[in-house]
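S.K.: Dropping a structure here in structure tokens format, bear with me for questions.
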Amino acid sequence: MFPSNHQFSSQPKALAVVETTTSMQVDLNEASFDFRDEMQNGGFSEVKSIMESSEKLQDDLRMLGTKIKQHEDSIKLLKTQKNKLDDNILDMQVLLGKYHSSSSPIENKDQSHLQSEHEITEKILRHEKSAAGILCQLKTRHGPQASHLSLTKDLLGVVGTLGKVDDENLSRLFSEYLGVQTMLAIVCKTFEGVKALETFNQDGCIDKTSGLHGIAASIGRSVDGRFLVICLEGLRPYAGDFVVDDPQRRLDLLKPRLPNGECPAGFLGFAVNMIHVDSSNITYVTASGEGLRETLFYNLFSRLQVYRTRAEMVLALPCISEGAVSLDGGIIRSNGVFSLGTREEVDVRFPKTSTMSEELQSYNETEKRMKETRWKKEKLEEDIKRELALLNNAKFNFEIKKQDFVKFLAQSSSYATQVNPNHNSELETGLHSYFLAYRIAVFVNFFIHNIAFYGIIGFRRQEDNNN
């Protein structure tokens, strides 16, 4: 349809609405025909005016598209920040919930019934025929000398002495959940320590003269039955992140969420994070760099959830995957496995962590941080509302400008039909061909970006609905 000596090229200007469509754009500035010898100023000026109007409308659409993308990115960033604050608030609610779990006010709460480290040792010594009891007796009677024995060099201690709690219900619950055999389990650093505890003769029988059995015999005792030994280097450690700026290096576990996205009522936290690791053990790490929380206690408790009441725990069943306990004695071992009946009192429990004054100070500091975090969340919610209003306004203006552009294309088409190449001069024929090619380029450019832009907007809306 074009004369052989005329050339037409189409290379687009970038439309900022969608970056991935830049290679598909049509540049309307370089669409041209060589009419220098035959075009009159009047016809060219009219076509040029139409081109300038078209480009003005396209520039407006590009600008509005850029604003839409900027507002969407801002909203996404603000929502990410708000979600982090929500998690922080939930963590603080967990701490405050533990303080309020007792029926008495925190100021008057008496924790004298919580066992001290000395009392725990006394309880272990009462299990005089257990491996833990014999090791505690060795340490109590011989003190520093016992630490130089090859048998004890690789030992960290007994499970019940390696962690602490600050709540009586938690102390009772965790000891019952683990059971007395696990609470009395011996913890070794490496497999060499495990081998040193027990050796065997050529017949495969236990050598009663060596290892822990030999020590028991030397003090007039014997080890009855089996006993658990936990080797830290053989455990699969927690592989996730840790709570930021937490000296206790608590695990940054995802909070349980009900199908509606909310955290279950009564959720107090994860058992593994409610264990306080003493300062003498918090710095200990295995050869691969893991500490006690992400090795020993993570393998003992995994993602065991803690709830305020049994009723709240049952309501949260849809989001309990690895067991749960409640402060009033409910225990879910795993999916579909419940512990019913009368509570079992285990005498060996985790000792208490802090004095009353330290607990009260921690409570007040947590309340203060809670207020500050909620204020920050309210400010973010206001920012999100403002960005949403700006986004909706930009989308509205985009729709108006798009309609103006469609009207412009329809009106400009009437100009082309007024020029009949079969009855007019060669100049009019050239103008008609030029303008027709220009209109085709405009349509291609507009609809490529229009379809791409609204395709992505629709995809984002679908993503938002899914989330």
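Heads up, the Cβ atoms here are built off N, Cα and C, so glycines get one too.
Remember, TrEMBL labels are computer predictions, not curated facts.
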S.K.: Please find, within the list 118-152, 363-397, the residue stretch that TrEMBL describes as coiled coil.
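M.R.: Comparing 118-152, 363-397 with TrEMBL, coiled coil matches 363-397.
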S.K.: In the predicted model, what is the mean pLDDT computed over the coiled coil (54-88)?
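M.R.: Here the mean pLDDT over the coiled coil (54-88) amounts to 82.
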S.K.: Are there residues at least 6 beyond the ends of the coiled coil (363-397) whose Cβ is under 8 Å from a Cβ of it, and what are they?
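M.R.: Cβ under 8 Å, 6 or more out: 64, 67-68, 71-72, 74-75, 78-79, 81-82, 85-86, 88-89, 92-93, 95-96, 99, 106.
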